[in-house]
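Participant: Take this structure, written in structure tokens, and hold onto it; I'll ask about it next.
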């Protein structure tokens, strides 16, 4: 539902309403929606999760302070090792004795890869972070079928073959049991090492999928969708690739990044940026339509879901994203893509999480790109501290409250506002999740830059309301950030405006302009 658009004077209070009904469900919340991504890029691995010699390093060189923050974040599935990096990666370089591992050029990020961290280290690190699931990507850029099958044999076969016995000799007696595999990365992107046409990639992915299933029928495979919604190849790529792979894959990937675009006058288009969830929602709907069209055309009974395995706010092509250059300049773990996120970025980030939850019937996996230092919720300094970026907070609280729950059909009445990029959009975006214990969690974002919003939640009939609480991320200074010098500048605060009426089953809370709020009702 949508109400008429109107311009607000600063300080004016808008109104919106969410009706929560237990009888209308979207889908269970898949734990994989709270995945993240570790790529050999910049300081994500080296000086990020792995820093031997750091005061907080354990016996394996893993930073214990980072491990604790990853646990607090609530990330689940971890996609690894790329990303663009994987399209030139030789997995066997990263196994075996460390002093025998080769140093290689990484063409994706113009860096040197030392290979001191590889598959075994990743598996061991994931055990320490709480047993997170590993989502492994195979190289379909410079490599193909044989190398992918070798990696699967090495990782998942218990023993008795050359490669499985090599794994055991390298210290992993039991197989890694990796279920989820990405068949390459962004293969329609001209920047991708080994970039391919849809025809060529679809044919290769189909053969790799069939071969992998011959080794391990229980693998879950992610085929590359187009690199983004705005690619010229988008749509036609999905149609061609899915036509060739449909019955042998489980997911098609989506990738999307958002930032406030610079205007000719030097300002940024904040109103459009704050509505980024609208674009993500349209992207998901378009990919779902491509899946459905292919399924109908093939008369298939098989279901393919979306793995939104790269999403975030990213100031793409701006200064922190510039690669090293020059034939003699291939640094190890340079500072790359180290965006420092603002309060406004965190609000948009929370909006994107709401959008993923609203589409939980189609999106069964998602990976926040990335986890540490590289466009990440966690930052570190070599030899120094680790801290939470602004985006850490909406992710961790959403994961805490939504895991194991069921998304309920959003019935939302909201005003609208005008944007240059997306036209008229709802001022409020919200979703409700019913927990396993029957409690209700509502996540809501106020996109308005001018007006606070009186947000009413109508609870399900017969809900025995006993307690309510709300936490809000909001700063009057939209550009406020958490930095090495001021690590807790932007945090969640209790929203003391929350009230409840058990007789009418209504909860009300005032949402400040440009804010993200989580309401928990029990």
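Glycine residues also receive a Cβ, built from the backbone N, Cα and C atoms like all the rest.
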Participant: Among 39, 136, 418, find me the residue Swiss-Prot lists at the same alpha-L-arabinofuranose site as 84, 185, 257, 310, 370.
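Facilitator: As annotated by Swiss-Prot, 84, 185, 257, 310, 370 share the alpha-L-arabinofuranose site with 39, chosen from 39, 136, 418.
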Participant: Long-range neighbours only, meaning 6 or more apart in sequence with Cβ under 8 Å: which ones does residue 185 (alpha-L-arabinofuranose binding site) have?
Facilitator: 82, 83, 84, 86, 87, 137, 141, 192, 224
Participant: Listed recorded positions are 39, 186, 257; which of them have CA atoms within 10 A of the CA of residue 314 (site 'Important for substrate recognition')?
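Facilitator: The recorded positions passing the 10 Å Cα test are 257.
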Participant: Using the Cβ centroid of 39, 84, 185, 257, 310, 370 as the reference point for the alpha-L-arabinofuranose site, which residues of the same chain not in that list have Cβ within 8 Å?
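Facilitator: Once 39, 84, 185, 257, 310, 370 are set aside, the remaining close residues are 37, 41, 82, 83, 186, 255, 369.
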Participant: Give the number of CB atoms, excluding that of residue 310 (active site, nucleophile) itself, located within 10 Å of its CB.
Facilitator: 25
Participant: Measure from the Cβ of residue 370 (alpha-L-arabinofuranose binding site) and count the other Cβ atoms within 10 Å, all protein chains considered.
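Facilitator: So the number of other Cβ atoms within 10 Å of residue 370 (alpha-L-arabinofuranose binding site) is 26.
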Participant: CA-CA, which of the recorded positions 39, 257, 310, 370 lies nearest residue 186 (active site, proton donor/acceptor)?
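Facilitator: Checking each of 39, 257, 310, 370 against residue 186 (active site, proton donor/acceptor), the shortest Cα distance is to 310.
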